[in-house]
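See structure below.
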Amino acid sequence: MKKGEEQARSLFGISLTERPKYQQFLICSSGFFFGYLVNGICEEYVYNRLSFSYGWYFTFVQGFVYLGLIYLQGFSTKQMVNPWKTYVKLSSVLMGSHGLTKGSLAFLNYPAQLMFKSTKVLPVMVMGAFIPGLRRKYPAHEYISAFLLVIGLILFTLADAQTSPNFSFIGVLMVSGALVMDAFLGNLQEAIFTINPETTQMEMLFCSTVIGLPLLIPPMLLTGELFKAWNSCSQHLYVYGVLIFEAMATFVGQVSVLSLIAIFGAATTAMVTTARKAVTLLLSYLIFTKPLTEQHGTGLLLIAMGIVLKLLSGYKDPIPCKPKQQLEEEEKEDGIQNKEEKRPLV
């Protein structure tokens, strides 16, 4: 690929490269919202209606569905452009984040955990400055937009909480670790796409899943969840149908998220995923006609302000810090050009 040439990208057969940025954003965001809206409905049914809380096992089953769908998309290991070790880091961070998030609920109640997880976009932006091959610099209005979005979501989600946030040192430590890993994960994914633009969404999802599946087995065995979930699901086989349907929808969401990261970066993607929580909550209020309070209104106003501020920036990419070697090469090229311009005409 020639320098400055944009990598051709598509999303389930829909070409993205030739489209304007706003269309790319709308297509990828729509895929993400659809996938995770269906995911939320399925989780509501399985976790609350059936009282099944087997997160590790359900993720394990979902992984095999992913591999089947990736195979149907025509991907094979011959198409890989990155070494496996790149994805070992990625999968380790992903599983670590998942484990710490689940484990923190033993020490924090749900409102407290939600407050921390809602701030994800801020550490993603900060971490971007320290990832080798990425080193993003974000303008001030990007931080203001993210801050408004975070505060608005916290106000909205806690407006009708049945209990106040309950904090403990161990729980805060665990959820903070999960946030750091989430921030590292998104930026690492963006760095892989940036360093090697030929990396596809399917490759990243395939390799992360293949490496991640064995990492799920130890926690399932240690907690006894593997055998409990197997017995429970064996008595209710239709649960597997729900899980497969959920995995198919989440697959669309995951590929859409990776497309957003590849095109717009980790920080913008984190803002979209944060906004999705607000949209999902608002829909639940509209569908089930729950009363909206002044705190809900304030939260929605701040969220809207954050989104509008982001949109007014025109989807401009954050400014990457150029490596020292690249700067030196550009300086040499400029010097050669200046000498040629000053050379007297014969």
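Glycine too: its Cβ is placed from the backbone N, Cα and C atoms.
Annotations in TrEMBL come from automatic prediction, not curation.
Noted in TrEMBL for the protein shown:
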| type | residues | note |
| --- | --- | --- |
| TRANSMEM | 25-42 | transmembrane segment |
| TRANSMEM | 54-75 | transmembrane segment |
| TRANSMEM | 143-161 | transmembrane segment |
| TRANSMEM | 167-188 | transmembrane segment |
| TRANSMEM | 200-217 | transmembrane segment |
| TRANSMEM | 237-263 | transmembrane segment |
| REGION | 321-346 | region 'Disordered' |
| COMPBIAS | 334-346 | compositional bias 'Basic and acidic residues' |
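The transmembrane segment (200-217) shares the most Cβ pairs under 8 Å with 54-75, out of the stretches 25-42, 54-75, 167-188, 237-263.
Distant neighbours of the transmembrane segment (54-75): 46, 98, 102, 200, 202-203, 205-206, 209-210, 212-213, 216-217, 219-220, 223, 225-226, 228-230, 232-233, 240, 243-244, 246-248, 250-251, 254; these residues of the same chain sit at least 6 beyond its ends, with a Cβ under 8 Å from one of its Cβ atoms.
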